[in-house]
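Everything on this sheet refers to the single structure shown next.
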Amino acid sequence: MGWGGGGGCTPRPPIHQQPPERRVVTVVFLGLLLDLLAFTLLLPLLPGLLESHGRAHDPLYGSWQGGVDWFATAIGMPVEKRYNSVLFGGLIGSAFSVLQFLCAPLTGATSDCLGRRPVMLLCLMGVATSYAVWATSRSFAAFLASRLIGGISKGNVSLSTAIVADLGSPLARSQGMAVIGVAFSLGFTLGPMLGASLPLEMAPWFALLFAASDLLFIFCFLPETLPLEKRAPSIALGFRDAADLLSPLALLRFSAVARGQDPPSGDRLSSLRRLGLVYFLYLFLFSGLEYTLSFLTHQRFQFSSLQQGKMFFLIGLTMATIQGAYARRIHPGGEVAAVKRALLLLVPAFLLIGWGRSLPVLGLGLLLYSFAAAVVVPCLSSVVAGYGSPGQKGTVMGTLRSLGALARAAGPLVAASVYWLAGAQACFTTWSGLFLLPFFLLQKLSYPAQTLKAE
């Protein structure tokens, strides 16, 4: 199979017709699931992994500890080493997402010109390399290096949404985005449980196995979904617009889309920008609390890695159930209303998690949290996928994913800092109230007719 051809593992002439939509969705689902299984193995292990580097007196980790302790003393705070790992986790998560933020729009713009398949394969090679670096070394520096390489290469997620956005019918796009949500749910169900059951030294090797399998699977079975006649004229045009793709203000204004060929009309562009702001605010708030959740349960309830894995398993199982029974059945045009309901549920969800001192209260909060997490991103992605001409789909979805990466870059660091400074209750209470901001923005959304049709 050549880099730009259709399915199968042997060379053949390029395919000029659109591949079957069901096949594309299935390949995207399975490939993304393998990627997420590798990624989520780490989630229940992170608190213990960071603490193990501290106990091993790793020189780089020790220098981080010393710097944070010095800063705490300088501002008159008591030195609380047990909260330092929360801050470090936020820093690592933010660094990973900063690199996603920088690379995702460039990945999308490049795929608009070269096609989805070759760029996807390059991203997956980088992801596999990141796990190989982690697997072959036990130092904190090597772990950080693997996270940085992974962040640079993580454009495969935005490419998955761009591939679904290439599909011809609004119903196929809507169902495809829901299936991507199912892949996330299953990945966050099975991956953490598997990671928690593995010895710490085996986890990176299993992640590498999943990543290598994903690369081989996509190489053999992913067809090209962007025909030559619908591609952008040149990569140079995309790189020339790098400022639009990397500037936070330009991203929020979708400037790369507005200045491209065949941009959306004025009303639709205004709606697209508001949807982008909602997406950014939601993920900024959600990712911050999501990243601190495992540290809260580790410190308040003394959850072990196995218990963390069980928690993420139940979260993922709930999300997968909601995705299959509810989210994928939302009809085109009903996504915004579903998102508003989910945002309102997050207010009591995070209040219960932040203040709960018993496992039943925590469980109720996690149930509401899981419902919202299963709905918001797939529904917003489905709506946004209806904007832009066929040659702009990669740029539209790459810009959206860059907004998400920017939110995930800032969210964990800000939430972890508030957690470190003021504690879990103050952090979760403040963030739960802030979820009303994206809700009110959607209340005022001008939702043009025919949104789900391709431009």
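We number each residue from 1, going along the chain as drawn.
Backbone N, Cα and C atoms are what each Cβ position is placed from, and that goes for glycine too.
Positions annotated as transmembrane segment by Swiss-Prot, on the basis of sequence analysis: 27-47 (among others).
Annotation comment: Swiss-Prot describes 86-106 (among others) as transmembrane segment.
Annotation source Swiss-Prot lists transmembrane segment at 113-135 (among others). For the transmembrane segment (113-135), the residues of the chain that approach it from at least six positions outside its boundaries are 3-5, 35, 38, 107, 142-143, 145-150, 152-156, 159, 162-163, 166, 204-205, 207-208, 211-212, 214-215, 218-219, 222-226, 231-235, 237-238, 394, judged by C-beta separation under 8 angstroms.
Residues annotated as transmembrane segment in Swiss-Prot: 148-168 (among others). Under 8 Å from some Cβ of the transmembrane segment (148-168) lie the Cβ atoms of residues 18, 21, 24-25, 28, 31-32, 35, 39, 95-100, 102-104, 106-108, 111, 116, 119-120, 123-127, 129-131, 133, 176-177, 179-180, 222, 225-226, 381, 385, 390, 393-394, 396-398, 400-402, 454, all in the same chain and six or more residues away from its ends.
Feature annotation from Swiss-Prot assigns transmembrane segment to 176-196 (among others); the stated evidence is sequence analysis.
The transmembrane segment annotation in Swiss-Prot covers 202-222 (among others) and is backed by sequence analysis.
According to Swiss-Prot, the transmembrane segment annotation covers 275-295 (among others), on the basis of sequence analysis. Listed by sequence, the residues of this chain that lie at least six past the ends of the transmembrane segment (275-295) yet keep a Cβ under 8 A from its Cβ atoms are 43-44, 46-47, 85-86, 89-90, 93, 97, 251-252, 254, 303, 308, 311, 339, 343, 346, 350, 353, 373, 376-377, 380, 383-384, 399-400, 403-404, 406-408, 410-412, 414-416, 419, 424, 427-428, 431, 434-435, 437-438, 441-442, 445.
If one looks beyond the transmembrane segment (310-327) by at least 6 residues along the same chain, the residues whose Cβ comes under 8 Å of a Cβ in the stretch are 40, 43-44, 178, 181-182, 184-193, 196, 294, 297, 303, 338, 363, 366-367, 369-371, 373-375, 378-379. Per Swiss-Prot, the feature transmembrane segment maps to 310-327 (among others); the stated evidence is sequence analysis.
Remote same-chain partners of the transmembrane segment (336-356), defined as residues 6 or more beyond its termini with a Cβ less than 8 Å from a stretch Cβ, comprise 278, 282, 286, 289, 293, 296, 327, 330, 362, 364-369, 371-372, 375-376, 379-380, 383, 424-425, 427-429, 431-433, 435-436, 438-439, 442-443, 445, 447. Annotation source Swiss-Prot lists transmembrane segment at 336-356 (among others).
The transmembrane segment annotation in Swiss-Prot covers 359-379 (among others) and is backed by sequence analysis.
Residues annotated as transmembrane segment in Swiss-Prot: 421-441 (among others).
The list of residues near the transmembrane segment (202-222) in space but at least 6 beyond its ends in sequence, with Cβ under 8 angstroms from a Cβ of it, reads 1, 7-9, 27-28, 30-31, 34-35, 37-39, 41-42, 45, 116-117, 120-121, 124-125, 127-128, 130-132, 134-135, 146, 163, 194-195. If one looks beyond the transmembrane segment (359-379) by at least 6 residues along the same chain, the residues whose Cβ comes under 8 Å of a Cβ in the stretch are 177-178, 180-181, 184-185, 279, 282-283, 286, 297, 301, 311, 314-316, 318-320, 322-323, 326-327, 330, 335-336, 338-339, 341-343, 345-346, 348-353, 404. Only residues 6 or more beyond the boundaries of the transmembrane segment (176-196), in the same chain, are considered here, and those with a CB under 8 A from a CB of the stretch are 21, 24-25, 28-29, 32-33, 35-45, 160-161, 164, 167, 203, 206, 305-313, 315-317, 319-320, 322-324, 327-328, 330, 374, 377-379, 381-382, 385.
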